[in-house]
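The annotation L-histidine binding site is assigned in TrEMBL to R58, Q71, D75. Per TrEMBL, domain 'Class II Histidinyl-tRNA synthetase (HisRS)-like catalytic core' is recorded for 68-297. What TrEMBL lists as domain 'Histidyl tRNA synthetase-related' is 315-412.
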Amino acid sequence: MLGECPLPNSRERNSVKLLTHGGDMVELCHELRLPLVKWIVANRRSFFKRYEIAYVYRRAIGHSPPNRYLQGDFDIIGGETALTEAEIIKATMDIILHYFQSESCDIHLNHADLLDAIWTWAGIRPEHRQKVAELLSLLGSLRPQSSERKTKWVVIRRQLRQELNLAETAVNRLQTVGLRFCGVADQALPRLRGALPPDKTTRKALDDLSELFNYLRVWRLDRRVYVDALMPPTESYHRNLFFQIYLRKDDNPGSLMEGTLLAVGGRYDYLLHQSGDLEYKSNPPGAAGSSLALETILQHASLDSRPHRYDVVTNVLVCSRGGGGLLTERMELLAELWEENIRAEFVPLCDPSLTEQYEYANEHDIKCLVIITDTGVSQKDSVKVRHLELKKEKEVERGNLVKFLLEAMSSQFRNPSIWN
């Protein structure tokens, strides 16, 4: 049974409750994230990563048995807002791209505060927003600026006017957002900045989206990223950045095919902030996560695209010393190690101190550090590899790092010759 949900109404309509023979009410697993939040709060963790694969259940129509779905969740607790969101999207896309070509996958981004600003700008009253969001969600599977989304707006517009009785001026503004302010991030973000009132909350939301997009660009995920400013959050606890990832079977930009939803995610700092633990609540970490529709991914994947299993036993922490954190260099090196199936991570802060990075390594039992320095980047094109347990260190040319790590890991770093 799940414990009490911090958002009791958010899953009420789809949750599955059963009565046992003894008369007890049992609720089937509806959500993997809420139990994690309770555990994080109880154990007061400030940095934590985890993945979980499990079945979740949704109420079926009528008296049919509940629907069961295989879901995979990946979560990061702690770190900076846009940076951890970018890592969540990167990890999610790494899984998806084992099965599909990058040209077939679209990433839709939005921010809850940006959506609130659009409601206000368009004149949508709070009591109408949920119904309007439900109608607009019908556009979600269509690529922004696609011909079918533009065609679909004719139907959505009629429903907004006739079923919800919205004023024509409000509908016109929503349509302006949908047709002009949604699209590739480089174009959509400047248009949104120019149209919306420059209040602090809206400006921060646009800054977060811009920062997230820049991080995705470092990881070369920017080609299929769209800002979808009318996309409602999948979960009510997504009160900050959130995203959806779609599969496009036809790569034609003018394709009329709807996308297949593969993954959703976003930030859920709100859940930790709502914790009943007053001491923890005073300075809670942030949190971001994604949920993958694993059965959907497998159903659409071709047999020859399914990945081999990699048994990885060594963690590597990519660190920086000086240079203002060398965030871009750390991100690029991480991507290179991940590409070679080397299990690596970094402290998800823009400019962590060396002490913070050592503490992170100790807390997560990471023995191997790859340290990037300002001098190493600008003059030597080299990095330092340090093993904390063996107390060994070696300067390695940047271009030979992957080869060095793979050879060192094969002997658990204990072959003396690798350190010579």
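Each Cβ is built from the backbone N, Cα and C atoms, and glycine gets one as well.
Nobody curates TrEMBL annotations by hand; they come from automatic prediction.
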Notebook entry, point to check: So among the binding-site residues R58, Q71, who's got the most Cβ atoms within 10 Å?
Noted result: Q71
Item checked: Averaged pLDDT, computed only over the residues in the domain 'Histidyl tRNA synthetase-related' (315-412) -> 93
Margin query: To see if you understand the setup: which same-chain residues, six or more apart in sequence, place their Cβ under 8 Å from that of D75 (L-histidine binding site)?
Written below: R33, L36, F48, K49, R50, Y51, I88, A287, A288, G289, S290
Check: Per DSSP, how many helix, strand and coil residues does the domain 'Histidyl tRNA synthetase-related' (315-412) have?
Finding: 46 helix, 26 strand, 26 coil
